[in-house]
Structure formats: C-alpha cells, structure tokens
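A.B. asks: Dumping the structure here so I can ask a few things about it.
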C-alpha cells in the first residue's frame with residue numbers, strides 16, 4: 001500500500017510539474033503573440049502551425065539579443081563602418097561632452113593642412129619623424145586621438161575584411177559629433193587615404209589662428225577654395241567647445257570687449273579653459289548672437305563683424321539657425337573632400353598613429 005502511495009505521489013508531482021510547464025509555456029506564448037502579433041498573422045502561410053510560428057519568433061528574438069558585433073556584421077560594409085564609429089563617438093561624448101567639439105576641430109585641423117589625409121594623427125618618433133601634433137596650433141590643444149584609435153579598432157573588430165582609412169574615420173567622427181551635439185547630420189563619402197608623412201610647418205602656416213585679422217583669414221580660406229560665406233559658416237564650429245585660456249584670453253588673441261568674460265586663473269595654465277560661447281555643449285546659433293553683441297571671445301571671431309559682407313552672413317545665421325546648420329553641413333562636406341597634396345605617398349593605415357611598416361596598401 002505504501003509503495004503504491006509513493007508511486008501515486010510521484011505521479012502527481014510529475015503532473016504538477018507538467019501543468020506548471022504548460023502554464024509557463026502559455027504565458028510565454030501569449031506574451032510573444034502580444035508583442036509579435038503582426039509578425040505571426042503575416043507569417044502564418046509559412047508555418048505548419050501557430051506553435052511553430054512562436055518557435056520561429058523565439059529564434060528571432062534570441063538573435064536580436066546578440067552582440068553589436070554580430071548585428072554590425074549583417075549590415076552593408078559602409079553601414080557597418082558608420083555604426084562602429086558612431087558607437088565609439090557616442091560613448092566618448094556621453095563620458096565627456098567637450099569631446100564632440102574636440103573631434104570636430106581635429107577633423108578641421110587635419111583637412112586644412114595638406115588635405116584630409118590623417119596626417120594629424122601620426123605620433124612623433126624621436127629623432128626620425130616629426131608630425132603635426134606638436135606644432136603650435138595643435139600642441140597641448142588638439143585632442144581626441146584616443147577616440148579615433150578606438151573607432152579604428154572597433155571597425156577592425158566588427159567589420160571584417162573592410163579597409164577604411166583613418167582619415168575616413170576622422171571625417172565620420174566629426175559628422176557624428178555635430179549630430180550628437182544638436183547639429184544637422186550630413187553625408188560622409190568614404191574613400192580617403194592616409195598620408196605617410198605630416199607637415200609640422202604647414203600646421204603653423206595653413207591653419208587659421210585666434211589672432212588672425214580678417215584679411216589673413218580670408219586668404220587662408222581662399223587658398224582652400226572656400227567662399228566668404230563658407231568661411232563664416234565653418235567658423236560656427238566655435239558654437240561648441242572650449243579653448244585654453246593661454247590661447248584665447250591673452251592680448252592680441254582675445255576680443256577686448258569680451259575680455260571680462262575670460263574665467264581664467266592669473267597664471268593661465270593649460271588646464272584653464274574658456275568656453276567659446278555661452279552654450280558650449282549645444283550646436284546652436286548662440287555663437288553668432290554673441291558676435292552680433294560684440295561678445296565673441298576670440299579676436300579672429302569678432303573681426304567677422306568688421307566687414308559688411310561677412311557681418312551680413314553672421315546676421316543671417318543669427319536670425320535663422322536652420323540656415324546656419326544647412327550651410328555648415330554643406331561646408332563640412334566640401335572641407336571633407338579636400339585632397340591630399342599632389343605626389344603624397346598614401347596608404348590605409350593599420351594603426352592611425354603610425355605608418356604601416358611597408359606600404360602594402362599604397363595607392
């Protein structure tokens with residue numbers, strides 16, 4: 001009798017477990033139908049039963065939970081690259097909002113010196129190679145190199161068999177920074193190459209400086225085939241970010257009318273920063289509003305209002321942010337197309353901070 005009761009108890013336990021399993025299945029089944037009803041309705045001709053449809057939906061949902069690496073590998077080559085770079089840039093800006101402005105500036109400083117060739121990314125090598133990073137316009141100022149290195153590695157890891165230059169990655173990072181900070185996105189075409197050289201002197205002579213008067217600025221932008229309107233639009237990059245006090249808040253570099261805005265220590269150390277407009281983390285038109293009120297921080301910015309033509313563009317952008325954002329995006333596309341110097345040795349770098357050991361990818 002006891003033996004039979006034991007078997008009966010065991011049987012009842014199995015029944016209870018089975019019923020619990022049915023309940024769990026039903027709850028899961030109903031939840032899946034609720035969340036994927038349209039999928040199941042549309043898919044019914046392809047399944048032997050609704051249960052097999054649920055099983056297929058479960059498989060799809062499991063795939064959704066796979067890593068970003070897996071998802072990116074399902075994209076087209078260009079889409080994979082854009083996704084990989086954007087993930088790194090977004091994380092960097094989330095960690096430090098200022099990084100967005102730094103990446104935009106890094107792209108500008110790359111393209112304005114012998115074209116968009118990734119030259120600014122090359123590290124100095126003691127005694128054998130002098131790059132652009134320690135040229136006065138960039139020394140202790142240009143930043144974001146590590147973000148570009150991380151983005152390059154992300155592309156390598158998640159987009160196998162796709163060769164993308166460091167110059168391309170820098171262009172994408174700048175575009176994504178503009179969008180992340182509230183600006184207008186724009187198309188970035190791929191296909192740039194990386195230079196095997198850099199130009200220390202070119203960084204000093206070709207880049208606009210905070211003490212440049214309007215005539216000098218016009219000449220530097222004209223040398224790159226930019227119009228006056230495009231010059232004023234690109235200056236709008238100063239609507240985000242900060243600059244070193246030692247650079248912008250010294251005599252000759254600062255707009256005298258705005259000098260009281262400089263929030264710097266008496267020693268003007270490199271760690272002292274001055275915001276370039278009153279909303280330094282937002283890609284907006286406040287930079288132009290400040291110029292119209294004679295409150296631009298840098299001398300080179302405020303002189304844009306000293307000429308009737310350039311002052312008119314400042315007013316246009318101050319009056320309508322959408323006009324500024326559209327013109328800025330168009331000017332960035334044009335800048336991103338500046339070609340490397342004629343005769344430059346080019347490649348696709350494996351590591352952005354150094355040239356390849358042998359120029360297997362020379363172009």
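In case you wondered, yes, glycine gets a Cβ from its N, Cα and C as well.
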A.B. asks: Can you check which of 36, 42 Swiss-Prot annotates as N-linked glycosylation site?
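C.D. replies: Per Swiss-Prot, N-linked glycosylation site applies to 36.
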A.B. asks: Which of these, 227, 239, 247, 315, does Swiss-Prot list as part of the Ca(2+) 2 site with 277, 279, 284?
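C.D. replies: Given 277, 279, 284 bind Ca(2+) 2 in Swiss-Prot, the matching entry from 227, 239, 247, 315 is 239.
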A.B. asks: Please report the number of other Cβ atoms within 10 Å of the Cβ of residue 213 (N-linked glycosylation site).
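C.D. replies: A 10 Å sphere around the Cβ of residue 213 (N-linked glycosylation site) contains 11 other Cβ atoms.
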A.B. asks: Where's the emptiest Cβ shell within 10 Å among the binding-site residues 115, 208?
C.D. replies: 208
A.B. asks: Roughly how many Å lie between the Cα atoms of residue 279 (Ca(2+) 2 binding site) and residue 264 (disulfide bond), rounded to a whole value?
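C.D. replies: It is 18 Å, counting Cα to Cα.
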A.B. asks: Quick one: among the recorded positions 161, 225, 239, 263, 279, which has the most Cβ atoms sitting within 10 Å of its own Cβ?
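C.D. replies: For the recorded positions 161, 225, 239, 263, 279, the Cβ with the most other Cβ atoms within 10 Å is 239.
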A.B. asks: How far is it from residue 116 (disulfide bond) to residue 199 (N-linked glycosylation site), counting Cα to Cα, in Å?
C.D. replies: 12
A.B. asks: Sequence order is fine: just name those recorded positions in 161, 166, 208, 238 with a Cα within 10 angstroms of residue 277 (Ca(2+) 2 binding site).
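C.D. replies: Those near residue 277 (Ca(2+) 2 binding site) - Cα within 10 Å - are 238, in sequence order.
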